[in-house]
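Chemist: The following block contains the structure, expressed as structure tokens.
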Amino acid sequence: MNKSDALVVFSGGQDSTTCLFWAKKHFRKVYALSFIYGQKHVKEVELARVIAGKAGVEFKAMDVSFIGNLGKNSLTDTTITMDEVKPADSFPNTFVPGRNLFFLSIAAVYARELGINHIVTGVSQTDFSGYPDCRDAFIKSLNVTLNLAMDEQFVLHTPLMWIDKAETWALADELGVLDLIRHETLTCYNGVQGDGCGHCPACKLRREGLEKYLEIKAEREKR
């Protein structure tokens, strides 16, 4: 395994783009892997391809559309209206069951073919929106499972695991890509690039984080 290269699970959204540039800072060569999983807004994959090109990163998209057929959710089913608020007794219907499990398992197989043991993902327990497959315990458990399954020494990196959205924007600024991430990524559940629709849960979380970070930055610059 090549310990100086890394594979980034890359959607073209705020978090994974931040992780892409974080990986470029920490590893010699970086590869980006995107997934077509039946999402309504598949244009995110094309935007991911463009961003990867600007970053000088080798890009690959894999079709795993079966994931979208396994369970009902509002990201893949056009007949389901998206939850704007997380239900008190269940996951929000933007949760795609098994998505990160499949993504990271497939990424590990692909990384093995590339001779890579470092895999980077943008999951965060701080801003995990109630998704169980964004938790640190899940990542650590899967890391062990993948190593046992393939007799390898994979390392799953989660640079955003313990930081909130404001701190994620701060990291993007530190990496010199705040403007790129603000204007060129697609985080919006309604498929609107950049600042997004402003109404869906992803846009609200992203906007609140940006506003908080810009306030902190402005206060710091006054000192």
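Just so you know, glycine gets a Cβ as well, placed from its N, Cα and C.
Dumping what Swiss-Prot says about this protein:
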type: BINDING; residues: Phe10, Ser11, Gly12, Gly13, Gln14, Asp15, Ser16, Thr17, Thr18, Cys19, Leu20; note: ATP binding site
type: BINDING; residues: Cys188, Cys197, Cys200, Cys203; note: Zn(2+) binding site
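Map these features onto the structure and tell me what's around them.
Modeler: DSSP assigns Leu20 (ATP binding site) to a helical segment in the three-state reduction.
Classification of Cys200 (Zn(2+) binding site) by DSSP places it in coil, neither helical nor stranded.
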Chemist: Given the binding-site residues Cys188, Cys197, which one's Cβ is surrounded by the fewest other Cβ atoms within 10 Å?
Modeler: Cys197
Chemist: Select one residue from Leu20, Cys200: among these binding-site residues, choose the one with the most other Cβ atoms within 10 Å of its Cβ.
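Modeler: Compared across Leu20, Cys200, the most Cβ atoms within 10 Å surround Leu20.
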Chemist: Give me the Cα-Cα distance between Gln14 (ATP binding site) and Cys188 (Zn(2+) binding site), rounded to a whole Å.
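Modeler: Answer for this pair: 10 Å between alpha carbons.
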Chemist: By CA distance, which of the binding-site residues (Cys197, Cys200, Cys203) lies nearest to Phe10 (ATP binding site)?
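Modeler: Closest recorded candidate to Phe10 (ATP binding site) by Cα: Cys203.
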Chemist: What is the number of other Cβ atoms found within 10 Å of the Cβ of Cys203 (Zn(2+) binding site)?
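Modeler: That number is 18.
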Chemist: Quick one: of the binding-site residues Cys188, Cys197, Cys200, Cys203, which has its CA closest to the CA of Gly12 (ATP binding site)?
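Modeler: Checked the binding-site residues Cys188, Cys197, Cys200, Cys203; minimum Cα distance to Gly12 (ATP binding site) goes to Cys188.
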